[in-house]
């Protein structure tokens, strides 16, 4: 099973070691007793469900525009028999303040913005703590990873309607996360699977737990010490599956490569430095061509 880390443990060094070990061996773990109120998580899920229950025309008032990362959109995916499946998504930048564009934030339900902003504050604190532990696990100062990867936060909701042919359709195809760190809440419908030891493992649903994925940027910063977990999502035949990822990344103009302190003649860099925007462009182009 995917490691579960209890953040209420009074021994912070033990917690940090557990997070580091999970990031080295799995590239994914779940955290419980993380300090984000259960009631807030329930409200976050409630307003997310209510938004996706709105008529399509009303959701389109938040539609993503050409060239924008943010906003509401619908992806039509084909299963292996060329039948259409639907994935609805909304992306909202929450940090830094200069990146926030309320043009894309839902006006309904009325408390959507308040709840999402409160959750964004909590999850930023949690992600910074995790990045501090990961930096220390590399023998570096606490700020090392955060200074590069903790610069841009985007909140996302994935909404996967029921699909009768779910055995032949992935909500998201196998991939590693393009960003550095992803913190995910899901509803009770299973579907997230991670690849380890040559087989797919279903991530156990734990109410109010947060799933943490190591992505490409932290893998590169660590010169490969931390794994970028390969994962996919499945859909349910009868019930709607939803997830609430927060994507933590560098800003587009930042250049990312192995941290210099981690490389030497005996341990040369495994990755070439590259601007994050170029990395994103290259990977998206590759995935499009692959599909």
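Positions of Cβ are set from backbone N, Cα and C atoms, glycine also.
Here's what Swiss-Prot has on this protein:
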type	residues	note
DOMAIN	151-250	domain 'Fe2OG dioxygenase'
BINDING	175, 177, 231	Fe cation binding site
- Near residue 231 (Fe cation binding site), which residues of its own chain have a C-beta under 8 A away, given they sit six or more steps off in sequence? 28, 174, 175, 176, 192, 193, 194, 195, 213
- Do you know the DSSP helix, strand and coil residue counts for the domain 'Fe2OG dioxygenase' (151-250)? 9 helix, 48 strand, 43 coil
- Quick one: of 175, 177, which of the binding-site residues has the smallest count of other CB atoms within 10 A? 175
- Query: Which whole number is the mean pLDDT over the domain 'Fe2OG dioxygenase' (151-250)?
  - Reply: 94
- Message: Around the Fe cation site formed by 175, 177, 231, which additional residues qualify by having Cβ within 8 Å of the site's Cβ center?
- Response: 172, 174, 176, 182, 213, 215, 228, 229, 230, 232
